[in-house]
Amino acid sequence: MKIVSKLTFLGIILFFSINAYAGQLDSSGLLDTLLDRFQQVASTWTTVIADYANWLFWGLVLISMVWTFGMMAMQGEGLTGVLAEIVRFFAVIGFFYYLLINGPAISQSIINSMRQLAANALGISTGISPSSIVDMGFAILTKVSSAASIWSPMISTIMITVAIIVLVVMSLIAINMLIMLVSVWVLCYAGVILLGFGGSKWTSDIAINYLRTVLSIGIQLFTMTLII
C-alpha cells in the first residue's frame, strides 16, 4: 500500500510539473546552434592547414618524381616506357591534387548527400538534425503530459515515466549525432592535411583512407536518420 501511495503521489506531482513546464522545455535549436558555431570556427582552419598540406603534397611529389624517373634512367627504359610513365604519373598526381584543393567541399558533399538521401527516403524535405531529435522527444513528452489525467495517477505516472525515458534516449541519440557531425567538420577542415599525402605512391593510401572515413561517417548518419 505504501508503494501504491508513493506512486500515486509521484503521478500527481509529475502531472502538474510536466503540464507547468512542458511548454517551456525545448531544445530551441541549441544543439544546432552549437554545431553551426563549431563549423564556423572550424572553417577558419582551412587556409592555414591547406598551405601546409600543399607543401607536403608537392614535397612528396618531388621525392616520388626523382625516385621514379631516376630508377627508370638507371634501368635504361626506352622512350615509350618513359612517356607512358610520365602520363601515368601526372594523371595520378592531378587526381590527388584535385582531391587536395577540393577536399573540404567533397567531404561536405558526401555527408550532406547521405543525410539528404535518408531524408528523401523518409519523405521529409531536410535531414534530421540533433535539435530536431530532441524536439521529437519533447513533443512526445508534451502529448503524453496533455493526455495524462489526475483521476488516473497510476496510468499517468507510467505514461509520463516512459515519455521521460524516451526523451532521455532521444537526447543521447542527438548528442551522438552531434559528436559525429563535429567529427565530420574536423575531418573536412583539419583533415585536409591527410590529403597532402596523396603526392607520393607510398603514402597515397592515407589520402584514400581519409575519404573512406568521411564516407563511413556519412553512412552512419544515413543509418541513424533512417532508424530515427
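Glycine is no exception: its Cβ is also placed from the backbone N, Cα and C atoms.
Caution: TrEMBL annotation is automatic and unverified by curators.
Summarising the annotation, TrEMBL assigns transmembrane segment to 55-74 (among others).
The transmembrane segment annotation in TrEMBL covers 86-106 (among others). Same-chain residues lying 6 or more positions outside the transmembrane segment (86-106) and placing a CB less than 8 Å from one of its CB atoms are 43, 46, 50, 53-54, 57, 61, 64-65, 68, 188-189, 191-192, 195-196, 198-199, 201, 204, 207, 210-211.
Marked as transmembrane segment by TrEMBL: 118-141 (among others).
Taken from TrEMBL, the feature transmembrane segment covers 153-173 (among others).
Sequence-distant contacts of the transmembrane segment (179-198) (same chain, at least 6 residues past either end, Cβ-Cβ under 8 Å): 35, 38-39, 42-43, 45-46, 49-50, 52-57, 60, 96-97, 99-100, 103-104, 107-108, 111, 130, 204, 206-210, 213-214, 217-218, 220-221, 224. Annotation source TrEMBL lists transmembrane segment at 179-198 (among others).
The transmembrane segment annotation in TrEMBL covers 210-227 (among others). Long-range contacts of the transmembrane segment (210-227) within its own chain (CB-CB distance under 8 A, at least 6 residues past either end) are made by residues 99, 103, 106-107, 110-111, 113-115, 117-119, 121-122, 127-128, 173, 176-177, 180-181, 183-184, 187-188, 191, 194-195.
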